[in-house]
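Contents: one structure, followed by commentary.
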Amino acid sequence: MGLSSNRVEDLSGHACNETFVTFEEFEQYSTELPMSNHEPLEVHKVCLPPRKTTLQKLNQRLLEVFFPDDPLHKFKNQTCLMKFVLGLQFFFPVFEWGPQYNLKLLRADIISGLTIASLAIPQGISYAKLANLPPIVGLYSSFVPPLIYSVLGSSRHLAVGPVSIASLVMGTMLSEKVSYNEQPLLYLQLAFTATLFAGLFQASLGFFRLGFIIDFLSKATLVGFMAGAAVIVSLQQLKGLLGIVHFTSQMQIVPVLSSVFQHKEEWSWQTIVMGVCFLVFLLTTRQISTRNPNFFWLSAASPLASVIISTLVVSLLKSKAHGIQTIGHLPKGLNPPTTNMLFLSGPYLPLAIKTGIVSGILALTEGIAVGRTFAALKNYQVDGNKEMMAIGLMNMAGSCSSCYVTTGSFSRSAVNYNAGAQTVVSNIIMATAVLITLLFLMPLFYYTPIVILAAIIITAVIGLIDYQAAFRLWKVDKFDFLACLCSFFGVLFISVPLGLAIAVGVSVFKILLHVTRPNTGVLGNIPGTQVYQTLNRYKTAVRIPSFLILAVEAPIYFANSTYLQERILRWIREEEERIAANKETAIKCVIIDMTAVSTIDSSGIDTICELRRTLDKQSLKLVLANPGGNVMEKLHESSALEAFGLNGIYLTVSEAVADISSLWKNEPHSKGKKGKGEEKQGGVSPESTSGKATVARARATGEEQSITQTSRFRSEVVTSPEMIRPDEPPESFVGNSKSRRKTQKDRKIDEVEGGETEENKMEREGEGERDWKPLTGRRGGLAGWEQVIVNNS
């Protein structure tokens, strides 16, 4: 079926005109068929897409992959000066909102900035300890990165700084190779180097618009990973909460719990009492803020209040609180440059690169997710690729100024949003507050107990355990729930990076499973409509006699082509077995609904052609319904359309069913050897073997008129006065009705008042034949049988 077909149109670069061929509606197989109004049915042409060169196709594909949002659409039809201004706004969003900034916005940003600063200062110190870094590094990381993000970032509510997950991953991966107690300088150098590579990786993803890579961290994977990490982090804080000095550096649940109970002699009751009291206080304020958002300031101010109160208590009772460990001396001043501390060669470079990439991916995922969440609440857009570049550049700059990996924090961003932040100026206010702390207030943290930092971390990470999300995964998708469990238990019992790798592997396996084993199903007609849906989904959908309609719900690739061929043949075999068991109409046509087949490759084309040849050998017709433009183009270029013939491609399933059924009524069913009575008329004789088979097959579906038209008989039906209602006709209707002996009831039919009828005369002179015709009930069932006389001439 090539371009000469009247239903496949080659556009040759112009738009598709929906011309069509009309024909009278075909007679129903059963009462379930939707067309009963006998109006002409339109059979539309299946259009080929406009012709494009290979370069044009490649260009379009690259645009779809890397620029789906068309970021340069604002530059079209603009003057050079305007393009320059738009370019500044594109790369530096501060030029977009800066000219409209006013005092009203500044007042809101000052309030929110000071609020998140009260949370950022204690969290920065705590998360630095979680990464096994000096506490001062946490404050440094809360100063420089927010300033850079305020110039480059596009989210108005994202509060930037250290986060628990990235801190945990960095501390875990570096501690596996280098001891932070024995080699503190080397450990610090590796942390800064890992931050540099994290920033390079993040900025590269944004610059080359490869943000879709982080989509492999699915929601299910992150739910399990964060929950497992929260449990590990909380258990690790038992060191500070119990006052243990010697503690394991491993991050698995078994070594951590073993270390807790192996050093019971180091437990300090003063530390335990203080830790439990402040932990209850922090959790209570967090719960109040969660239930009543108007009291958001409680959870925001409680960490700083805990630090101040605990510091005062320890400083006043320092002579009696020997068992409580404190932070100690923290240097004052701005961030010192650390460019000379970066490792760009040496045996530890692979460790720094690996740590940077893993922590960078996690930081990027959290930052973009948080930014998009609050952007959706305020109805504005956040460009993911620009966010990647902003986060990457701020980490690159941070690695040169005593900072480690930072990103947008969910807890601080939530406080920032609830406090009424209007722009990223709130980050500048927060950085200013941190700057004042670094310059003047560092000596005040000398007596801050470490147990308070542990309580702050536990309170922050406990919110990462989202059991409701896990329950939803179980209800919606069991495979996603499995990925969640793999991530959770992998982090708990193996390690943080390996647990994440296992979860990603499960997610990738799920993708491969969907690609290599796509869904297929049998379609049926919704009575009264021209809609076809899967039978197992819609109980009202009915099968169409003589048709098997299958839906393929995925692209046809080399990875799934063999499976699809085997699965379709299995569907056919199962349908034939069902038909044989129920004594229904045999299959004559297999229709594949290709609505969901977005593309096809050469292996898929070969599979379709091989399937067509296989079905031809079984006297089954293969038809494709609604193939997409990409599929049609490749079928045409491969000359596969030629093999399908005139009636092998249709725009919809309903058009395919109607048109093919009409063709069956108007075209010969057999090309066998002509029998007696067929030679003159050129049709199919009932006496011939092929004619008998055709009569039997058609009459089994109740298509008496179809068979007489196909056999080129003139059919005049006479209804019998007596109706017979057995499950089978009194005599087999397969074969030559002339050879049957008339029963007494048959002869009674001939006796008509007023003399011999024309039909009886035809029968007496040998020009007519009697046969049994099935009667269809109102619900499509067998109502009985009646005798008819068919005119042979």
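Just so it is clear, glycine is given a Cβ too, placed from its N, Cα and C backbone atoms.
Annotation comment: TrEMBL describes 666-681 (among others) as compositional bias 'Basic and acidic residues'.
If you look up TrEMBL, you'll see 703-712 marked as compositional bias 'Polar residues'.
Residues or ranges marked as compositional bias 'Basic and acidic residues' by TrEMBL: 758-773 (among others).
What TrEMBL lists as domain 'STAS' is 537-660.
Per TrEMBL, region 'Disordered' is recorded for 666-780.
Annotated transmembrane segment per TrEMBL: 133-152 (among others), in sequence order.
According to TrEMBL, the transmembrane segment annotation covers 158-174 (among others).
Residues or ranges marked as transmembrane segment by TrEMBL: 186-205 (among others).
The transmembrane segment annotation in TrEMBL covers 211-233 (among others).
Through the fold, the transmembrane segment (267-283) approaches residues 240-244, 302-303, 306, 309-310, 313, 321, 323-325, 449, 451-452, 454-456, 458-459, 462 of its own chain, all at least 6 residues removed from its boundaries and within a Cβ separation under 8 Å. Annotation comment: TrEMBL describes 267-283 (among others) as transmembrane segment.
Residues annotated as transmembrane segment in TrEMBL: 295-317 (among others).
Annotation comment: TrEMBL describes 419-440 (among others) as transmembrane segment.
As annotated by TrEMBL, transmembrane segment applies to 446-467 (among others).
For 479-509 (among others), the entry in TrEMBL reads transmembrane segment. Counting same-chain residues at least six beyond the ends of the transmembrane segment (479-509), those with a Cβ under 8 angstroms from any Cβ of the stretch are 168-169, 172-173, 176, 216-225, 227-229, 231-232, 251-254, 358, 362, 470, 473.
Sequence-distant contacts of the transmembrane segment (419-440) (same chain, at least 6 residues past either end, Cβ-Cβ under 8 Å): 94, 97, 101, 105-106, 108-117, 120-121, 124, 139-140, 142-144, 146-147, 149-150, 153, 155-161, 296-297, 300, 332-335. Confidence annotation: the domain 'STAS' (537-660) carries a mean pLDDT of 92 in the model. Below 8 angstroms of C-beta separation, residues 115-116, 118-119, 121-123, 274, 278, 281-282, 285-286, 288-289, 324, 326, 414-415, 418-419, 444-445, 447-449, 451-452, 455-456, 459 of the same chain, each at least six residues beyond the ends of the transmembrane segment (295-317), sit close to that stretch. Here the transmembrane segment (211-233) has long-range neighbours at 130, 164-165, 168-169, 205, 251-253, 256, 361-362, 364-365, 368, 384-385, 388, 457-458, 461-467, 469-470, 473, 477, 480-481, 483-492, 496, 499-500, 503-504, 506-508, meaning same-chain residues at least 6 beyond its ends whose C-beta is under 8 angstroms from one of its own. Among 133-152, 158-174, 186-205, 158-174 has the largest number of CB pairs under 8 A with the transmembrane segment (446-467).
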